[in-house]
């Protein structure tokens, strides 16, 4: 599959621009400093004025951390998901929500995938964490218990992770940063914040149909990378 830029409509551009501008205004004091740095660095190829062109994004990544965007129709098989991550290929849809569904979607669209996930992949520490996560998942692809643990780790870090910065909880997970409401919920402290502990994360059940109630707080991104590095060295 590939992205067909000619298929996007004026409504698609309006939706992208509206979501992008609203969230960029919303996150300066709410998103992690690393995410904000990454978003700023990607401004030439990721901005409100044009729907992102995956070819341009891929060219940007060729000069940074080496990731490439893999177009997918929607949810894919678990083995394919981990294999692509292990190859430094991040899955993205190419469709955008409609103008009547700006604040709620049952499955991720391109705004979630690109605005939420892609910026941090340009930063080495986070790039390495996600890459090693993919390798670990591929190594345990036939172990259902391990895969469930990794699914929960993905959920509470890459999707819904938060970090303590200068005494304040900041968001870095894509599921938060692509959601106006969830970003503000965290900023207002309307949630339970738990110290990141991988053993607890592995056992934590989550729901996909509501805003999260519990978030695991890391102190720095090396905490994630070191956790994954140890597992890869001993299990892959």
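Positions of Cβ are set from backbone N, Cα and C atoms, glycine also.
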Per TrEMBL, what member of 62, 70, 159, 165 joins 112, 117 in binding Fe cation at one site?
159
Would you list the other residues of this chain near Fe cation - those whose C-beta lies within 8 angstroms of the C-beta centroid of 112, 117, 159 - in sequence order?
108, 113, 116, 158, 173, 174, 175, 177, 178
Just to be sure I understand the packing, how many Cβ atoms besides its own are within 10 Å of the Cβ of residue 159 (Fe cation binding site)?
20
Please work out the number of neighbouring Cβ atoms within 10 Å of the Cβ of residue 112 (Fe cation binding site), leaving out its own Cβ.
22
Counting across all protein chains, other CB atoms within 10 angstroms of the CB of residue 117 (Fe cation binding site) number 23
